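Everything on this sheet refers to the single structure shown next.
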Amino acid sequence: MTETCHKIIMGLHNFLKEYIHGFWDYETPKVMVVKNRTLGVIYRSVQFLVITYFIWYVFISQKAYQESETRPESSVYTLMKGSAIHGDEILDTVEYARPSEGGDVISTILRREFTFNQRQDTCAEHFNVADANCTTDSDCVEGEVNFNGHGRRTGRCVQYYNHTFKTCEIQTWCPIEEYAVVREPPLEEAINFTVFIRNSIHFPKFKVLRGNIKDARNKRDIKRYLNKCHYDEESDPYCPIFRLGYIAAQARENFSELCNTGGVIGVFINWKCNLDLDPSHCKPTYSFRRLDLRKDLPDAGYYYRFAKYYSKDGEETRTLIKAYGIRLDIIVHGHAGKFSPIPTIISTVTAMTSVGICTIICDWIMLTFIDKNEVYSERKFDEVIKEPTNPIPTELSYINSFGSNHSDLSDGVPL
């Protein structure tokens, strides 16, 4: 046991001694020319890939020489315009636009379902509500509230309106929506409604403020332009007026289906500004995508309910309206960049350093896979313990006599 401990201690002592002595050694790279066509092709190919990556992707595509800002300040104002004849009614923005004041979210009603003349009373619960079907009063618990239902149960089992079966009676707004709803046809004319989207964006780091409306000499010219333009990516990129039909088409949605089920569409305003150019080149691009669940799922679509209250025969009465429509969510992204020496220096140094990967890869290939790797290893790594007083004739000194300062493995080493 004592002898084993002694060997461990001595081994640890020798290891620490060699480590401490080796810690003060100095390593310097040795230049060695290997005239091997395969290795040369690999070396130049890797060099080409690394340099191409930094020039094309890092500097040209990603503009790594620029200082960037990705969190700009932005404001959005929206306004819906249009009118439609729906039966005997003339619908304007007050009827179908929500909210009327505009913002980064705006919706338009495309189809409505009405439940007229609802009053606070007692009536039969809908038969699809859990435990609503009954045969006797004992099946209904007085005061119980089913939160998936319509109201509070009275404890009575009553006939479901003019049907033969019975359900529990509830206290609520009667008649209930599922029984008395009246559905109107969709508002197909809304395909030509327009939405005005005004967006301004500020990059505080660069003190640049831009808007998505075409610059003009005075307000009269701007108003005249906006009264007759519609957005087009090529001809009118500065016109912020979009037809609902155009938005639905760009989001790859069928407008007739949206009228029936409703939907949420995202309007993405993307600002990608190269401030090395004139700020007038900083203009937005638009993209559109549906944000809610797919239309073939049960909870897909967009709708909401509201009521209009009035007094009838001295009793408070309401008309419940379930509205299906398109909701537009305006989402703004901004990115601006401008030349700065600091990121330029960092990216350049990174590129120059990365070129060293080529040497590491080729050294590994040379010492691992190519024939005569033991010869390469001997020539690659030298250990100088003490500088000799008299010059020793080596290949390096022989090459130096001909004016070269590196070893050439093509002499005497078959490749």
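In case you wondered, yes, glycine gets a Cβ from its N, Cα and C as well.
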According to the record in TrEMBL, which candidate from C123, C134 pairs with C157 in a disulphide?
C134
Counting only residues 6+ apart in the same chain, whose Cβ is under 8 Å from the Cβ of C140 (disulfide bond)?
C134, R153, T154, G155, R156, C157, C168, E169
To the nearest Å, how far is the Cα of C239 (disulfide bond) from the Cα of T194 (ATP binding site)?
12
Nearest to C174 (disulfide bond) in three-dimensional space, by Cα, is which of the recorded positions N192, C229, C273, C282, K322?
K322
Least buried of the disulfide-bonded residues C123, C134, C229, C282, going by other Cβ atoms within 10 Å?
C229
Count the Cβ atoms, other than its own, that fall within 10 Å of the Cβ of C239 (disulfide bond), considering every protein chain shown.
18
